[in-house]
Each structure stands twice: as C-alpha cells, then as structure tokens.
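Trainee: According to TrEMBL:
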- 1-22: region 'Disordered' (REGION)
- 8-20: compositional bias 'Low complexity' (COMPBIAS)
- 33-59: transmembrane segment (TRANSMEM)
- 34-456: domain 'Major facilitator superfamily (MFS) profile' (DOMAIN)
- 71-89: transmembrane segment (TRANSMEM)
- 101-119: transmembrane segment (TRANSMEM)
- 125-146: transmembrane segment (TRANSMEM)
- 158-180: transmembrane segment (TRANSMEM)
- 186-207: transmembrane segment (TRANSMEM)
- 267-290: transmembrane segment (TRANSMEM)
- 305-326: transmembrane segment (TRANSMEM)
- 333-353: transmembrane segment (TRANSMEM)
- 365-390: transmembrane segment (TRANSMEM)
- 411-428: transmembrane segment (TRANSMEM)
- 434-452: transmembrane segment (TRANSMEM)
Amino acid sequence: MSDTVLNPSPSSAPSSAPPSGAVKAPMVRRMMFAVALAAIAGLMFGLDVGVISGALGFIRDEFHATDFEQSWIVSSMMFGAAVGAVGAGRMSYAFGRRRSLIFSAFLFVAGGLVCALASSVSELIIGRAMLGLAIGIGSFVAPLYISEVSDISRRGSLVSMYQLMITLGILLAFVSNAILSYSGSWRWMLGIMAIPGTFFLIGSFFLPDSPRWLMLRGRHDEALSIMKELRHNPELAHQEIRDIQGQIHDRQRGLAMFLENRNFRRAVLLGIALQVMQQLTGINVVMYYAPRIFQEVGFGSSGQIWGTAIVGVVNWLATFIAIAFADNWGRRPMLITGFAIMSAGLAVLATIMSGAAGNTDLSHYLAISVLLCFIAGFAFSAGPLVWVLCSEIMPLQGRDFGITCSTVTNWVTNMVVGATFLGLLTTLGASHTFWLYAGLNALFIFMVLFFVPETKGVSLESIETKLNQGVTLRNIGR
Ligand code: BGC
C-alpha cells in the first residue's frame, strides 16, 4: 500500500507516500528487531481475541456460567481495551512508547495467568479485563512505535504487518483451541498465551526508545544517536531528525478543535461511523462464538472446533487480498463488494438456521461455506480498510484525537456486540439474529455509497484541503 497503513498508528500514519519507485534503504538489524518485537503485540492481540471461542464452552460447563456471565467473560476484554485505548495516548506521550509496550506486555502475561488460574467467573472477568487493557494500550502504541522506527520507504508495509499479525494470532489461537479441545483443558488454552507474552515482555526491555518521542520530549541528542542505530546511513539519520524537528511544531489539537471546527467534526464522525459499521458487520460474533454458531447449525464438537480453525485460516489469507488490491481497485468498490458478500452470506446462514434446509450434511457444508465467504468478505474489506480510511480522513493537526475517538468506538461497539449476542440468540433465535446482521450489512452498502470517499491514490494533503473547503464527505477523495 502506498501512503496507507492497515490498523494505522494514531499520530504518525505517514502523511505522504514514499516517492513511487523509491529505492528501498537496506534494512538495519536493529530496526528489524524493533519492528518484529512490536508486531508481537499484534500477535498477542489476535491470540487473546481468538482463544475465548474455544475456551468458552468448557468454562461454561465448569462454572455453570449463565449466558449473561459468558457474555461478560467475552466482553470484559473489550471494556478493558476501550479503557486502554483512551489512556494509551497520554501514557505513550508521558512515559514513552517503549515503557508503554513493556507495561502492555506485563499485563498480557499477568492477565493470561489470572485467567488460567481463575477459580470463579469474577476472577476470569478480571483477568480478561487486564488482557483487554493490554490490547487497548498495545493496539494504540505498537503501530505508532513501528511507524516511528521504520524508514519511510517501508513504513506502510511494516505497519500493515501489524494487522497481519493480529489475524495470524487469531488463527494460531483457533488451532491451539482445536488441539487442546480434546482434553477440554481451557486453563491451558488461556495460560499458553503467557509464553509469547513472556517473550514479548523480556524482548521489550531491549527495544530502543522511539526517536520521535525523544524529540517530542526535547531529548535531541539521544534521539539522534538512536536514529543512527536504526538507519544504515548517518546522513539519513540526521535528515530524519531534521524532518521530525520541522513537524513537531504543529501541535496536536483535540476537543477544542472538535467543538469549534465543523469540518473536523465531520471527519471524526465519519471515522466513528466507519468503526461502528465495521463492528456491526457481526465479525466478532464469529470470532468469539464460532463454535456456538457451528453448534446451532448442527455440527458435533470436533466439527465445531476445526470449523473455527478454518475460519482463522480464511481470515488470515483474505487479509493479503486487501494488501494487494486496496491501492488498485480502491476502497469504495472493495467495501461495497465486501458488505454485499457479508450480507448475502449471513442471509443464507439465517435461512439454514431457520431449518428451511433441513439438518443434512449438505446444509452443514453450505453453512460453513457461507460463513467462510462472510469472513473473507470482511477480511479483504471492512477489516483492514476501515482502519486505513480512519487514518486518511483525519486532518494532521487532529489526528491523535480523531483516531483515539474512532479506536475507542471500535472497542465499545465490539463490546456491545459481544455482550448482546447470546442474549439475542435466546430472545430472537439464531435465524432472526443473523437476519438482523444481514440487514445491517445491506444498509452499510448504502452508507458507503453516500458517505465514504474514495481515497485511493489521493494525497492526504488534498483530502484535508477538500475537507476544509466543506466539500461533501463522499467527494473529499477523488
Ligand atoms: C477488527 C477486530 C476483528 C479483527 C478480525 C479487525 O479489523 O477491528 O474487531 O476481531 O479485525 O480479524
């Protein structure tokens, strides 16, 4: 992707593309280490999102947890993540990206152990909230850190690696769930997460501080010496430090700008709407409750757990489609196609769940096929592109504030979806619940048609200029 990133950093999503055809600078080992280690935060994020679907059934049986309690075991993580995302901006400014990552890694390990050793539902909820806090901080700081230490010629692809690591984490968790499901050891499912977490924790002590953060704190000499370690050429390091120096004069503005500037408000509200749409596709219903969905369709226990693992594979693979095509095909066509596929897939699933197709092998295979189409539809469209668009539409001066608002919205809506799904199944029934999500996805096609700009190949400066001229949101891109 050119000037776009997947799941981008709040403040330093690149403001302009590296010149096309620019020669890529040789990768310095120190930079690779920093990027790879920070990307483990994405892996941890994915692992913790993915693990609960496999563990939930066993937890329910051991603690006789009600639907309400199960919903909170799932959703306390999103609550923690929303709180973490709200606080992460200030924390990473005050204490630095590196220390924030160390804190997040510590919470990953501690939260994983609290969950694995929990002796009651409330302890589990506390452990999940700690993991959520870790995810909320990590999902803000890690992409930010990666974009600040990587060189401009690779920044887009290195940050997009973070989103790929999330989907890889989900996949690995689904596979580990499948393997551990035979023994029913949900404590191992949750506890095993502490292993990569410990890796992440130890490694993060060796991370260099972000030069950009050091500059923000006025520590110029340290910033320059770290930048020299991260770049193959000292002249390049000096140049980047000079560029940062030039940029940091533009102080970030937030709430005041939101209240007084109508155009900034429009961008923030579009970001919020995009994240609400992403979550109301119902993606996390599948991520958290996939085995339960397979059970509703009529699969036995091993079918449920392996079906879920295949969901993880498709989610991971289809993310590559977004990386390959978003800059050629464009955001709007990909989003519209994605929502159409998701809507149609869920409508067929709802029909199968109504019993109209009977409980046959054929209906089982049809159910799994449409669910996989739904996942693929999400993974190449709303999954990554909503994050991309949220960074593209925010004016530079308000980017921290704007992206914090949309990221928190993502987690809050995520929590609402996670907390209401089992209740919806009980009150509306499976078929009507999926009709509801199918309808929402159909509605989002129109939302994209009317409100979402095409930002492919358009510079962020041009988007900002049109936004400030009061051009309708749909036309601030091309
Ligand atoms: C969403 C997450 C979701 C993940 C699935 C992300 O873009 O924000 O809520 O779990 O995709 O891959």
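Here the Cβ of each residue, glycine as well, is placed from N, Cα and C on the backbone.
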Trainee: Return yes if the transmembrane segment (267-290) and the transmembrane segment (305-326) have at least 3 CB pairs under 8 Å (sequence gap of 6 or more), otherwise no.
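Mentor: Output yes: the transmembrane segment (267-290) sits against the transmembrane segment (305-326).
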Trainee: Cβ under 8 Å to the transmembrane segment (71-89), counting only same-chain residues 6 or more beyond its ends: which ones?
Mentor: 10, 48-49, 52, 56, 59, 65, 100, 104, 121, 124-126, 128-141, 288-289, 400, 404, 407-408, 411-412, 414-415, 418-423
Trainee: Looking at 158-180, 186-207, 333-353, which one has the highest count of Cβ pairs under 8 angstroms to the transmembrane segment (33-59)?
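Mentor: The listed stretch sharing the most Cβ pairs with the transmembrane segment (33-59) is 158-180.
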Trainee: Would you mind listing the long-range same-chain contacts of the transmembrane segment (365-390), meaning Cβ under 8 Å and 6+ residues beyond its ends?
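Mentor: Cβ under 8 Å, 6 or more out: 1, 4-8, 160, 163, 167, 271, 274-275, 277-278, 281-283, 286, 290, 293-294, 297-298, 307, 310-311, 314-319, 321-323, 325-326, 331, 334-335, 337-342, 344-346, 348-349, 352-353, 357, 402-403, 406-407, 444, 452-453, 455.
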Trainee: Hey, which bits of the same chain come close to the transmembrane segment (186-207), Cβ under 8 Å, at least six residues off its ends?
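Mentor: Cβ under 8 Å, 6 or more out: 33-34, 37-38, 40-41, 43-44, 47-48, 51, 54-55, 58-59, 62, 98, 101-102, 105-106, 108-109, 112-113, 115-117, 127, 145, 173, 176-177, 180.
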Trainee: Count the CB pairs under 8 A between the transmembrane segment (333-353) and each of 101-119, 158-180, 305-326, 434-452, then give me the winner.
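Mentor: That would be 434-452.
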Trainee: Same-chain Cβ contacts of the transmembrane segment (158-180) under 8 Å, 6 or more residues past its ends?
Mentor: 1, 5-9, 13, 35, 38-51, 53-55, 142-143, 146-147, 150, 186, 188-189, 192-193, 287, 290, 305-306, 308-309, 311-313, 315-316, 319-320, 323, 379, 383-384, 387
Trainee: Using a Cβ-Cβ cut-off of under 8 Å, list the residues of the same chain that are 6+ residues beyond the ends of the transmembrane segment (101-119) and lie near it.
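Mentor: Same-chain contacts beyond the ends: 38, 41, 44, 48, 84, 91, 95, 126-135, 137-138, 141-142, 145, 187-188, 190-191, 193-194, 197-198, 200-201, 204-205, 207.
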